[in-house]
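Reading through the structure tokens given below for one structure.
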Amino acid sequence: MTEDISTGIPEPEGAANLIETDYEIGQDNIETRVGPFGLDIHNPVFLISGLTVVAFTFLTLAFQSSVAPLFDAMRGWLTANLDWFFILSGNVFVLVCLALIITPLGNVRIGGKEAEPDYSYFGWFAMLFAAGMGIGLMFFGVLEPVYHMAFSEPIGVPSPFDADGNLIEENVAAAKAMGMAATIYHWGLHPWAIYAVVALSLALFAYNKGLPLTMRSVFYPIFGERIWGWPGHIIDILAVFATLFGLATSLGFGAQQANAGLEFVFGIPVSDTAQVVLILGITALALVSVIRGLDGGVKVLSEINMIIAGLLLGFVILAGPTLSIFSGIFNNSVEYLKEVVPLSMPFGREDDGFRQGWTSFYWAWWISWSPFVGMFIARVSRGRTVREFITCVLIIPTFVSVVWMTAFGGTAIDQVLTNVNSQVNQYVIISYSPELSLFGMLADLPFAAVTSFIAIVLVIVFFVTSSDSGSLVIDTITAGGKVDAPVAQRVFWCTFEGLVAIALLLGGGLGALQAMAVSTGLPFTIVLLLACYAIFKGLASEPR
Amino acid sequence: MFRKIMMPIDLAHADKLEKARTAGADLARHYGVPICYVAVAPSTPGALGHNPSEFAAKVEAFGSSEAERFGITVETKALTSHDPTVDLDNTLLKAVDDIGADVVIMASHIPNIADRLWPSNGGTIASRSKASVFVIRDN
């Protein structure tokens, strides 16, 4: 006789509306060995994604001089002609999320009515934040507020400088406010709404509906059983591509900034070689993290990351204009809420440089990044209600962005406006060196050598936390939604992310990286709009 | 001599574990002790089931089948892990203590170069568990 003391898969616990399907997760997988390494891969998603990535990497390396103009032309066309599409789509995602908070659909619990969260608030938030936008905050925290205040003139708000660089006093207050509001617009509700849509749809269809944790599952309400065939394969392959190119973009930014910081602090010259060595080193750290796994590697690193970031933030608040930062948190939030609607309108504006060069690029970037961040957030979010989920994935990160941007950007703006010889003035306004903007701001605060070193460490750790979680996500998608595929596969993807980043960096630098992110973002925007419909349909059938 | 046997089972590959299953059942019969089959799945839907009832039913059905086939007393324990690819060893080690097993019988592949990079589950359990561990190689 048997005595069943099973606890079972702990989801969904309590009432949930499972989707009945005969599809067995892993039924299309191929289990094989390559030398001593076992593989458990989805056919054909792994093979097509893997081979194309390999081919792409080699082609880019082989034709370095000809790919950059091609990517740049592609990016120019997309951001100039489809900016309205990205901006409107971003608005849709925010509205969907806000609707979920206020409607009874927010009562649905991910993982079933009785499910309990897998992770503490701190561990959960650390992981989702580090995966989502860590490197970007480091790169743009100083650059963007200063740049938008001085040059972008969002929705026609004039610069506080005249053509000769002299201050126009009457323009200062409005330009400062708009500089911060425009920056927070790029790092606030809109990006996090993009992540939240992807994450919520995936979590819902995996934990409540019993489908595999892979992008295709979200489309079950639309395609039905056909998601197990080519429509689903294409969605998953697209997700792998979007993730890889999104990661490569971020890795490129990270390597450049870390290299610039190393030159600034230690005199190590900026060069392709140094950046390649950085990517290789950081990929090696990411490998250690993925081999240690979700709890022992990714989570631990994300928590360390948050602690270091918190210390640096605390230092900037104390060493910078403290009172002005504290009042700025409130004032900038108000400015953001006041300006978010005009900034979100794609038509009838003349700020092409800002709208197309910044907003449109960002939205495409976040969207290309969203399958990865969304899948990762989904995986660690079991047990939260939809309302709690949206609050923690949308509202709290937006508030953190407000605080971060106010501290870093506010301090930098203060330095620029009060001291013409400030280093931020030098690196953002006089000679545009974006990768040095953060270090320039820190240089004019006390203990610059120490804080610059901490900033470099932080850039590197943020780099690693994106790379490791991204590898786990690609591994899961290419294993047909199985999260227990052999270790060799996550090692493969982690290594190739690094190689793709190197190829793109050498093949055309940042322009090529940006162009790739934008172009994978376009098809995925359509995918995300369909996901919004799937969320409502999926949630409507859940017990509340 | 023993109180309880624990046998980790990969239900997706149970057919390849015949030697270990037979050896475990023989030992259970010889000493007249129960055998607890332990299966681990990720906390996401996977190959072992779309939902808890499917997974639990599969583990229980496996246990019933072994009980009938070998005429032994059987328990089953279905566990979850956030990242079983990496966390399997720790999950199994905890299970040894939780179920009070004093001997673990498990299948493991013949060592190869890959084991130098990340050791086999059988090897790790044998090196870290307080219980006796009987590692049975594949054919």
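In case you wondered, yes, glycine gets a Cβ from its N, Cα and C as well.
The structure displayed is predicted, hence computed values, not measured ones.
Annotation comment: TrEMBL describes A:45-64 (among others) as transmembrane segment. Tertiary proximity for the transmembrane segment (A:45-64) is limited to same-chain residues at least six positions away from its ends with a CB under 8 Å from its CB atoms, namely 233, 236-237, 240-241, 244, 474, 477-480, 489, 492, 496, 499-500, 503-504, 506-508.
For A:84-107 (among others), the entry in TrEMBL reads transmembrane segment. Same-chain residues lying 6+ beyond the ends of the transmembrane segment (A:84-107) with a Cβ under 8 Å from its Cβ atoms: 189-190, 193-194, 196-197, 200, 344-347, 355, 359-360, 363-364, 367, 385-387, 390-391, 394, 521, 525, 528-529, 532, 535-536, 539-540, 544.
Tertiary proximity for the transmembrane segment (A:119-143) is limited to same-chain residues at least six positions away from its ends with a CB under 8 Å from its CB atoms, namely 183, 186-187, 191-192, 195, 199, 250, 253-254, 257, 298-299, 301-303, 305-306, 309, 369, 372-373, 376-377, 380-381, 392-393, 396-397, 400-401, 404-405, 408-409, 411-412, 424, 428, 434-435, 437-438, 440-441, 455, 458-459, 462-463, 465-466, 469-470. TrEMBL lists A:119-143 (among others) with the feature transmembrane segment.
What TrEMBL lists as transmembrane segment is A:189-207 (among others).
When Cβ-Cβ distances below 8 Å are used as the criterion, the transmembrane segment (A:228-253) is approached by residues 23, 28, 42, 44-45, 48-49, 52-53, 135-136, 139, 214-216, 219, 279, 282, 365, 367-372, 375, 463, 466-467, 470, 473-474, 477-478, 496-498, 500-501, 504-505, 509-510, 513-514, 516-517, 519-521, 523-524, 527 of the same chain, each at least six residues removed from its ends. Residues annotated as transmembrane segment in TrEMBL: A:228-253 (among others).
Long-range neighbours of the transmembrane segment (A:273-294) within the same chain, counting only residues 6 or more positions beyond its ends whose Cβ lies under 8 Å from a Cβ of the stretch, are 251, 254-256, 258-259, 262, 300-301, 379-380, 460, 463-465, 467-468, 471-472, 487, 490-491, 494-495, 497-498, 501-502, 505-506. Marked as transmembrane segment by TrEMBL: A:273-294 (among others).
Counting only same-chain residues 6+ beyond the ends of the transmembrane segment (A:306-330), those with a CB under 8 A from a CB of the stretch are 122, 125-126, 129-130, 134, 137, 180, 402-404, 406-408, 410-411, 414, 442, 445-447, 451, 454-455, 457-458, 461-462. Sequence annotations record features per position, and here TrEMBL assigns transmembrane segment to A:306-330 (among others).
Long-range contacts of the transmembrane segment (A:360-378) within the same chain, counting only residues at least 6 positions beyond its ends with a Cβ under 8 Å from a Cβ of the stretch, are 75, 78-79, 82-83, 86-87, 89-90, 127-128, 131-132, 186, 190-191, 194-203, 206-207, 213-215, 239, 242-243, 245-247, 249-250, 393, 469-470, 472-474, 476-477, 514, 517-522, 524-525, 528. Residues annotated as transmembrane segment in TrEMBL: A:360-378 (among others).
The feature transmembrane segment is assigned by TrEMBL to A:390-413 (among others). Within the same chain, residues 97, 100-101, 106, 121, 124-125, 128-129, 132-133, 137, 141-142, 144-146, 149, 176, 179-180, 183-184, 187-189, 192-193, 195-196, 199-200, 313, 316-317, 320-321, 324-325, 328-329, 332-333, 336, 377, 381, 384, 424, 428, 437-438, 440-441, 445 sit at least 6 positions outside the transmembrane segment (A:390-413) and bring their C-beta atoms closer than 8 Å to a C-beta of that stretch.
Per TrEMBL, the feature transmembrane segment maps to A:445-464 (among others).
Look at TrEMBL and you will find A:491-510 (among others) tagged as transmembrane segment.
Residues or ranges marked as transmembrane segment by TrEMBL: A:516-536 (among others). Long-range Cβ contacts of the transmembrane segment (A:516-536) within its own chain (Cβ-Cβ under 8 Å, at least 6 residues beyond either end) map to 71, 74-75, 78-79, 82, 85-86, 89, 92-93, 96, 100, 105, 194, 197-198, 200-201, 204-205, 215, 218-222, 235, 238-239, 241-242, 245-246, 248-249, 360-361, 363-371, 504.
Same-chain residues lying 6 or more positions outside the transmembrane segment (A:491-510) and placing a CB less than 8 Å from one of its CB atoms are 50, 53-54, 56-57, 60-61, 63-64, 67-68, 71-72, 244-245, 247-249, 251-253, 255-256, 272, 275-276, 279-280, 282-283, 286-287, 290-291, 467-468, 470-471, 474-475, 478, 516.
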